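Over in Swiss-Prot, the protein carries these features:
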{"type": "DOMAIN", "residues": "14-321", "note": "domain 'Peptidase A1'"}
{"type": "ACT_SITE", "residues": "32", "note": "active site"}
{"type": "DISULFID", "residues": "45-50", "note": "disulfide bond"}
{"type": "REGION", "residues": "86-109", "note": "region 'Disordered'"}
{"type": "COMPBIAS", "residues": "96-107", "note": "compositional bias 'Polar residues'"}
{"type": "DISULFID", "residues": "206-209", "note": "disulfide bond"}
{"type": "ACT_SITE", "residues": "214", "note": "active site"}
{"type": "DISULFID", "residues": "247-280", "note": "disulfide bond"}
């Protein structure tokens, strides 16, 4: 098993350091269960977004192999276009030879320029990997670098350090109680069925919908009308897609309870309201997708900080246990 420590960037992003090439160069990457490709900024990129980051220099690596393929990725808040190469990648002490990785030529969108990380390491299923690239975890598995075909996340709160992702194992010190296992409904993202969402015992949204468990998204993302219902139920107002609560009365706000695979998972206001007394926003945002198309939720870090999560590829299940 391989353990990678992650830095908590203001409770919005979690990234760890990997190395690529020979001799190894270090890069900060987000370990993202919502995508499947590995990519980093590279010397091919002259865009402003790349200038603030470590750039991978393939010509300086003796183990680099060209593939002749290109890769194009889009994310909720940005993207990356570039070429696909192959090199040795080291994660948490485990060395992964012949790993396919994207090298950015352009990184459109303002998001990447200010980002504290140099790239993204995707941990979703190979079926959604762009350019047919083999994801890092699959490649490590095929080379027997991990004991078990699962990985797990602990995300710290309050800006604290100590966050980790364990590839090939489970860290029992990071959770209490029992693990609640949920079947994956589509082997693309880590997608699960959500039975319903209640506030004060009443259904607020989603009578049977789908959710993606996504460590690379900071908020809980909801369809527009579902978010409006929940805001009404907890007495919050909206401002440009950000939900405002009455900060002084956070303690008196109700839990938002998500029922997943028959088990109630309550989210207390201390978890979904962020900020201080003067100004606060909720950790829920809108996907901009009307609910009548397909009611898809994203469980981002606001939700995941409350749980130790285990992603089991052998049995295609996600495990949730209360974080310790």
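Just so you know, glycine gets a Cβ as well, placed from its N, Cα and C.
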Fewest other Cβ within 10 angstroms of its own Cβ, chosen from the active-site residues 32, 214:
32
Compare the C-alpha of residue 32 (active site) with the C-alpha of each of the recorded positions 45, 50, 206, 209, 214, and give the closest one.
214
Just the number: how many Å between the Cα atoms of residue 214 (active site) and residue 206 (disulfide bond)?
19
Calculate the distance in Å between the alpha carbons (Cα) of residue 206 (disulfide bond) and residue 45 (disulfide bond), and round it to a whole number.
43
At 10 angstroms around each C-beta, which of the disulfide-bonded residues 45, 50, 206, 209 has the fewest other C-beta atoms nearby?
209
Counting each residue once, how many in the compositional bias 'Polar residues' (96-107) are helix, strand and coil under DSSP?
0 helix, 11 strand, 1 coil
To the nearest whole angstrom, what is the C-alpha distance linking residue 50 (disulfide bond) and residue 209 (disulfide bond)?
38
